Amino acid sequence: MNGKKLYISDVTLRDGMHAIRHQYSLENVRQIAKALDDARVDSIEVAHGDGLQGSSFNYGFGAHSDLEWIEAAADVVKHAKIATLLLPGIGTIHDLKNAWQAGARVVRVATHCTEADVSAQHIQYARELGMDTVGFLMMSHMTTPENLAKQAKLMEGYGATCIYVVDSGGAMNMSDIRDRFRALKAVLKPETQTGMHAHHNLSLGVANSIAAVEEGCDRIDASLAGMGAGAGNAPLEVFIAAVDKLGWQHGADLYALMDAADDLVRPLQDRPVRVDRETLALGYAGVYSSFLRHCETAAARYGLSAVDILVELGKRRMVGGQEDMIVDVALDLRNNK
């Protein structure tokens, strides 16, 4: 660690959207953002779970627009930067400009781990706006460390000043994480930061985040009570407690985070965010974590097991953006019964 302070990036108000089908009220956003700001996290990501303009038939309609959510958070935050997420092909540079005007100052431009080349326009425009611009390589378990490093190098070339290893499926272990960070560090400029976005489907969210920091990672994503897709993200309050015991600098108020997790976030969950039969299947099969709620809906509709659908999606190597295939897979399974 060398005494450097970790950059704590909260994702409760973006990844956490998946856990409640994108239904945060504006008051929920204000309360959670204020609590996070009071606890001194560095950034607070706000958007539909699938990023700017994710509200749709394919991904699920949000209770509010991205801009309403961003403005609500920006109104109450004094210390943290407001971040947002953009997936090229869902959000556009026009949406990014609107988010910036609403108060977002950090953007994470997210692509599948082998498709960094679709991010060039969005990364370049974010830099022109003066935003803290991050490349976000989703489903990082689906390619080799060496190939991931090549994709990271592309994003760096477009102008991203931080590149994330993103374990969208919660499918990686600590060795997988170490291998990927070592590969990235070998090719990126020394001044380019790296980040880790974990999911907890194998209960390794905190352990993987710690392994990332040990490999030189600068920024860590986490969420209150792990509020996120699948079994959730690395639980923020647990990560802070664990690294505090290691003597690492994080700048956050542990007890304030513990209170916010239990008092503000956990009561909102209509389905517990935890490792259980279905979310463990996500991590084991290496499936995009936000498929969980869609699979459970399809399983109920067609009289199937959600686990069977998830395992089949994993076999077919489905990735984020292919939510429409969940029903196709469910119908195939039903017809083959």
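Backbone N, Cα and C define each Cβ position, glycine as well.
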- Out of Ser43, Ser55, Ser56, Ser168, Swiss-Prot lists as part of the substrate site with Arg14, Asp15, His197, Tyr288 the residue Ser168
- Query: Sequence gap of 6 or more, C-beta under 8 Å: which same-chain residues meet both conditions with respect to His18 (active site, proton acceptor)?
  - Reply: Gly49, Gly228, Ala229, Gly230, Ser289, Ser290, Leu292, Arg293
- Note on the structure: Across the domain 'Pyruvate carboxyltransferase' (6-258) the predicted model averages a pLDDT of 97
- Note on the structure: Cβ-Cβ distance under 8 Å, sequence separation of 6 or more, same chain as Asp15 (substrate binding site); the residues meeting this, in order, are Glu45, Gly49, Asp221, Ser223, Met227, Gly228, Ala229, Asn233
- Can you tell me how far the Cα of Tyr288 (substrate binding site) sits from the Cα of His199 (Mn(2+) binding site), in Å? 10
- Would you kindly give the Cα-Cα distance separating Ser168 (substrate binding site) and His199 (Mn(2+) binding site), rounded to the nearest Å? 6
